[in-house]
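K.L.:
Input: one structure, supplied below.
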Amino acid sequence: MKNKHPLSKDELQLFRESVVDAKKLRQDTIVHRKPKPKTKQIAPQRLLQEQVDASHYFSDEYQPQLEEEGPTRYVRPGYSAFELKKLRRGDYSPELFLDLHGLTQMQAKQELGALIAACRREHVHCACVMHGHGKHILKQQTPLWLAQHPDVLVFHQAPKEWGGTAAILLLVELAE
């Protein structure tokens, strides 16, 4: 393959002489994330089963003890409260997002179950659930459901850039 603009030896020598004192710039502004492993296509029936299995944990009768004052937050018993602080101050950024606007409670439970299953399957540690304000039904129920799931380690009301009082950031326990 021929070069479109071949340089003569004199031109190459002139270029090398002109850049001999150049210093390499240090790149410190862009964070390179690790490439995600390619995920296999999953059969729709298996996805549906994952949704059903994961939503099995969500009960409307059980009311976990959540703090009523301040922002919505939860730390699984036996887990470090420092992770909650790191989540609150933005050390984690969500990689998966779920928007529950316009869904019924049953649909929302299934979608939450699917989100948690997807996080575990794709090795995503942090996710964001946008429940919205609306009639406050999903806003009240979402934290109660999340606190019941054994794979949810921590959740906290999202900062403004991720939805504020209309969203929750959560950390999911990953399979080894």
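Including glycine, each Cβ sits where the backbone N, Cα and C put it.
Pulled from Swiss-Prot, these are the listed features:
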- 98-173: domain 'Smr' (DOMAIN)
K.L.:
DSSP-wise, what's the residue breakdown of the domain 'Smr' (98-173) into helix, strand and coil?
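P.N.:
Split into helix, strand and coil, the domain 'Smr' (98-173) gives 35 helix, 19 strand, 22 coil.
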K.L.:
Within the domain 'Smr' (98-173), what mean pLDDT does the predicted structure show?
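P.N.:
On average, pLDDT over the domain 'Smr' (98-173) sits at 89.
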